[in-house]
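Following: one structure in structure tokens, then a few remarks.
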């Protein structure tokens with residue numbers, strides 16, 4: 001068994017590795033979906049993937065924690081517990097993925113990558129403000145180097161390649177929001193920045209909630225509320241037509257894999273890691289995502305890493321090494337979340 005001091009960074013790293021595969025897997029599924037159109041439409045759409053994938057993930061988590069759930073009493077949840085769960089579900093289940101989707105529609109991929117990875121320093125800042133968790137010098141330097149590596153990938157790609165102006169995806173509308181978004185300058189960049197704030201907020205709420213709730217209760221109820229929130233809000237904003245191919249056998253065949261492995265397993269490790277980890281460890285582990293994504297992209301999509309990815313990836317690896325060595329030197333001073341007493345589970 002691993003010491004709780006090491007469990008946080010280990011589980012979070014596993015979560016980040018699985019998360020790194022998400023975008024290449026979805027990109028591959030979209031390619032496959034274009035070869036299996038339903039009435040001229042690709043069944044692998046944003047709304048279908050998020051709803052069906054999360055529903056499969058929810059059922060997977062229920063199966064994993066079935067024994068724990070039999071002993072769970074819903075009446076033990078207080079009003080504050082439900083408030084935390086609802087906020088976490090709203091941020092993680094609807095706001096963050098939807099804002100990222102809008103950002104990808106209206107902003108260049110370079111800007112999306114650049115702005116979204118501000119979450120590393122933002123997470124450290126949030127940990128300092130809300131939890132008084134001040135990382136030591138080596139952890140801070142390591143996080144800075146990892147962030148610098150991400151910026152290097154973006155800027156070198158921009159410098160070494162021809163810039164292409166990004167236009168909203170042809171034929172894609174966002175319901176009642178489409179004319180409103182189209183009238184706002186840099187709306188894509190604004191959406192990505194808001195998505196980063198939403199994701200960071202969800203992390204902070206999760207830290208706070210796991211001090212009061214068993215991890216399996218928080219994970220399952222947050223996922224359940226997130227699915228419900230997304231379904232009804234998406235219908236209001238986008239209309240029923242976005243779910244017209246929801247019952248496609250091709251969609252569900254792949255969502256059984258995507259939802260159970262990419263979503264549920266990643267979520268499972270994320271909850272385990274958050275229970276034992278510090279804010280600094282979350283920031284460090286999240287810096288793995290752009291680097292490992294390049295590797296998965298190569299194996300899944302056949303895209304060869306360029307010089308920018310190699311240079312930036314080297315900086316990210318060095319930053320992680322510096323941060324981890326600093327973390328190991330300060331384990332006794334590191335603030336680690338304790339498992340709530342009286343609760344069983346993961």
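Every residue number used here counts from 1 along the chain in the order it is shown.
A Cβ is built for glycine as well, from the same backbone N, Cα and C atoms used for every other residue.
Look at TrEMBL and you will find 8-154 (among others) tagged as domain 'EamA'.
Marked as transmembrane segment by TrEMBL: 43-64 (among others). Listed by sequence, the residues of this chain that lie at least six past the ends of the transmembrane segment (43-64) yet keep a Cβ under 8 A from its Cβ atoms are 26, 29-30, 32-33, 36-37, 93, 97, 101, 216, 219-220, 223-224, 226-227, 230-231, 234, 238, 242-243, 245-246, 248, 250-252, 254-256, 258-260, 262-265, 267-268.
Beyond its flanks by at least six residues, the transmembrane segment (84-106) meets 46, 50, 54, 77, 112, 115-116, 166, 168-169, 172, 174, 177, 181, 187-189, 191-192, 194-195, 198-199, 201-202, 205-206, 208-209, 212-213, 218, 221-227, 229-230, 233-234 of its own chain at Cβ-Cβ distances under 8 Å. As annotated by TrEMBL, transmembrane segment applies to 84-106 (among others).
As annotated by TrEMBL, transmembrane segment applies to 112-132 (among others).
Annotation comment: TrEMBL describes 139-160 (among others) as transmembrane segment.
The feature transmembrane segment is assigned by TrEMBL to 180-207 (among others).
Sequence annotations record features per position, and here TrEMBL assigns domain 'EamA' to 188-324 (among others). Here the domain 'EamA' (188-324) has, by DSSP, the following mix of helix, strand and coil residues: 118 helix, 0 strand, 19 coil.
The transmembrane segment feature in TrEMBL is assigned to 219-239 (among others).
Under 8 Å from some Cβ of the transmembrane segment (251-269) lie the Cβ atoms of residues 11-12, 14-15, 18-19, 21-22, 25-26, 29, 32-33, 43-44, 48-49, 52-58, 60-61, 64, 219, 223, 245, 346, all in the same chain and six or more residues away from its ends. Residues annotated as transmembrane segment in TrEMBL: 251-269 (among others).
Annotation comment: TrEMBL describes 276-301 (among others) as transmembrane segment.
Annotated transmembrane segment per TrEMBL: 307-324 (among others), in sequence order.
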| request: Count up the helix, strand and coil residues in the domain 'EamA' (8-154) according to DSSP, in that order. | output: 121 helix, 2 strand, 24 coil
